[in-house]
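Here it is, the structure in full.
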Amino acid sequence: MSIGAPRILISLQRVKENVPDLPPELFTFSMATPPLVSSPQGRLFLRKDIKLFVVIAISLVLYKLFLNASHHVVQLIVDVAKCRHIPLHNDEDNEDERLELELWESNKVVSFNDNITIVEYSSSIISSKVTPTCCCPTSITILKQWLRLIRFKKALRHYVVPFLGLVVVLPLIYKSPMILLTTSSTIYIHGPEYQIRFDHVFLATIMVSLFNNFKSLSFMAPQFPTMTLLLTKFCWAYGYLTLILSAMTLPFFTDVLACFLKIMCDAITERNDNETGNGNAFPMRKEYEQLQQLAQQATAAANPPALPVHPLDPLSVLEIQHVSNVIKAHFAGVNISFNTISLKEPAKKAYYDWKEKNGPIPPRIAYYVIVKDGVNGVTEGFVDIPSSTVLTVKVLEGVQPILAPEDLQRTEEIVRTDPEVIKQCVLSGIPEDDMKNVYCDAWTIGYDERWGASRRLQQALMYWRSDEDDSHYSHPLDFCPIVDMNEGKVIYIDIPNRRRKVSKHKHSNFHPIHIKEKYGTPENPSGYRQEPDTPINITQPNGVSFKMDGNVMKWSNFSFHIGFNYREGIVLSDITYNDHGKVRPIFHRVSLAEMIVPYGSPDFPHQRKHALDIGEYGAGNCTNPLHLGCDCKGVIHYLDAHFSDLAGSPITIKNAVCIHEEDDGILYKHSDFRDGFQTTINVRGKRLIISQIFTAANYEYCLYWTFRQDGTLKLEIRLTGILNTYIAGEGESAGPWGTIVYPNVNAHNHQHLFSLRVHPRVDGDNNSAGVADCAASPFKTGSVENPYGNAFYSDKTVFKTVKDSLTDGSVIRTWDLFNPQSINPYSGKPASYKLVSTFCSPLLAQEGSLVRKRAPWAAHATEVIPYKDDAYGYGRLYPSGDHVAQWSGDGARGMREWIGDGSEPIENTDIIFWHTFGITHFPAPEDFPVMPTEIFDLMLRPRHFFTENPCMDIKPSYARTTKEVKAGKTNEDPTVVIKDSTSVHAFGESCCKK
């Protein structure tokens, strides 16, 4: 057995959850002062206790030093533990006393008769990763009794010395692998066959007894009134030191520190009450608050969650909660709301040093964004999870955070109860008692020069429903409240010069009851199209062909990691291809980094409608839980997503990512016409699809990342949902800027533009990029070079600087990501992946517009920049900057900062490739009341990467050679031809008979 990290830290709570039959006393630890320190004798033990504390500290340091040592102690540890005489009591006349404890699920009785008995048990006590077969249990109950009956000196002789012998001496002598695992209360010495378990709680109890001696000494000596204050300051300083050292020592130090600090807080309160007799007078309030904050820090630092198997794995529920606790402790006394807790991905070099060079696992760091109540701006920083350390705290003024789902719901609540909004609704024709049917889509305000980014604002796009099941997009209102989220109120209402009453036209909707009302007949009551109930089922009776190891996918020579975060949603990392035994890197990271949906109406305030949905809301935050049979069909594997709510508590989106296979049609085929197409080969392919669906207010975005067996990576986006609508008055024209899609409903023209971020690693870290245009020969017909006038070629340009890479998509062109050092032996050209993208709508907002300023990346079809790490990990992620909401577009941020003057070299180096693609949407009635999916896609295809078709080793569905045709034979070799037992004739044989 082996572990990748120096230690595995697993909380007692996880042990309890995994093995519910453990006795409850194992999870009970009383902080009551032991009897031996409840009298003035406590002062006599103080000096000895300090010595003991030093011995324990030294033993723990030695334990840490030898934590990863290799030793051959399996049988010897068992022998030593069996023979080691450790008294459980101090009464020499009571040697026959026996303590019995039922041991977990094995139902075996373990006898304690002045020794430790090792017995076998069947269940794992940690997790599926650790399955010990033998245990030496020492229950907390026994330890408590032990402490009451023996002196510290005897405890030192009978417990600490044997412990040091096992952990320090034996590793120097014996040489077989063994692992030492720790939880917050237990040391596990785990070998191939046996495991011995020691409770940290014994040592922790000794330390707490020592601290209680401090307390007893100070309060039993009233002649020293400053003793408590001095001890408080001493312990406060010691506590900070312990917090620092806790990352390098055993995790139970922080447990003990937390308990101790709570004791000291109680001690200060007790002293205050004793000396002043007044609970309100608190002369030591400062020290108390400092200790209380430190206690919270220590509590948060205790029990860090287990490290994940893979450094790119998203934060787990336990990690999110732990980071939340650490941040709350750090900002104790400040009212905060959590905007973001997410993984800070490790630096690229650190990741590949770990993966490819057997280096240390990269630091596990969380990125956080919080908002302080009543304070504009944000506070962000990083937390080191294993050490429970807040690495940075950065206060940013003049920026606003991403909108959380709770923010959107809160805005609707604020708007509904605002007196001025109610007044405007009445003017629009909505009774005051019907406000329950008033709704709003809360959008970030984009940017409004009246307030800038000094206040955290949302604009509320207003609607009304005639009943609860109505589609409010059929009844838009003509005014727009502005809500200050920090103040929790409407601060302004934008009202047009021309007022329009709400439409009371019978609504158009998509629910079954409305379809029945609209289209139902006596012959067809449901109203739905009368078609045979002939579902198309996807079956895989032999199971799927992909394998998942945590978040690492292996499928048809591909291997990659599936990540997921609050902002980008799906992130595909470390994509490699096994080329006949040689693992070749292709991409380090691929994701959708940003998008913008600019609307084309010039009327105020519609210029504010240009949602940067990924940066302002988050594709991950808005992800739907997917459902079997409708969102995904077939044999499905799901991944959940975990985020933080405003209170810092973990929330889970079940089935956020869908993974499944589909038939990919013909992969390749050829038939020979010479023998009537009898000589043939036909190979059908599979495709692997990783998908998510997120809802950004009115629109749904269905994202399908597809891997094909020919080495292609494809991204398909399907747009559906409901058009964003605005009210049109009776007889009012939508003009050139929109379309009347339903009575009194105007849908404005708009675009959907996405920023694809590709970090290539084609056969290595140093790559180049270029553009290839389809070009006719420059030589005229009849010339020597082009005598027949039919010549054309691919005109390729290699980008040498950032400025060279700022291309558009107005001509027929593709882009290459290639390694100039990896040359194909046949073509003589560099190995590359080609981007094929035919949906390259240019950004139609003009130069100087707010849209163009806030989305500088959308001005070009491509940008290529050098990659650079951030201070704490992976960098250059978001082309509109880290904080997009209410950014004016002024200043150097995101892509504008990275481009600079365009002079940076990008040839044969570590680069990031950005591509803007999407569609321009001119709405039509067919898009309402809900829009049928509109599909567009792009592909990254291998070019000069392989020496032949990479699908040659895919088993054909049918194959027959010319020799077999001449011999009248059919190839029935099961290793070559796939037997299809599911495909049948739709109409029997009748369709084929003459």
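Using the three backbone atoms N, Cα and C, a Cβ is placed for every residue, glycine included.
Computed from a predicted structure; not experimentally measured.
Sharing the features that TrEMBL gives for it:
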ACT_SITE  ASP613  active site, proton acceptor
ACT_SITE  TYR699  active site, schiff-base intermediate with substrate
DOMAIN    401-502  domain 'Copper amine oxidase N3-terminal'
MOD_RES   TYR699  2',4',5'-topaquinone
TRANSMEM  50-67  transmembrane segment
TRANSMEM  156-174  transmembrane segment
TRANSMEM  194-214  transmembrane segment
TRANSMEM  235-253  transmembrane segment
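I'm curious about the neighbourhood of these features; can you describe it?
Cβ contacts within 10 Å of ASP613 (active site, proton acceptor), excluding its own Cβ and spanning all protein chains shown: 24.
In this structure, TYR699 (active site, schiff-base intermediate with substrate) is part of a beta strand by DSSP.
Here the domain 'Copper amine oxidase N3-terminal' (401-502) has, by DSSP, the following mix of helix, strand and coil residues: 30 helix, 27 strand, 45 coil.
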Taking the Cα atoms as reference points, how far is TYR699 (active site, schiff-base intermediate with substrate) from ASP613 (active site, proton acceptor) in Å?
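Distance (Cα to Cα, whole Å): 10 Å.
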Using DSSP reduced to three states, classify ASP613 (active site, proton acceptor) as helix, strand or coil.
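DSSP assigns ASP613 (active site, proton acceptor) to helix.
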State the count of C-beta atoms found within 10 angstroms of the C-beta of TYR699 (active site, schiff-base intermediate with substrate), not counting that atom itself.
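Excluding its own Cβ, the number within 10 Å is 20.
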Taking all residues of the domain 'Copper amine oxidase N3-terminal' (401-502) together, what is their mean pLDDT?
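Computed over the domain 'Copper amine oxidase N3-terminal' (401-502), the mean pLDDT is 95 on the 0 to 100 scale.
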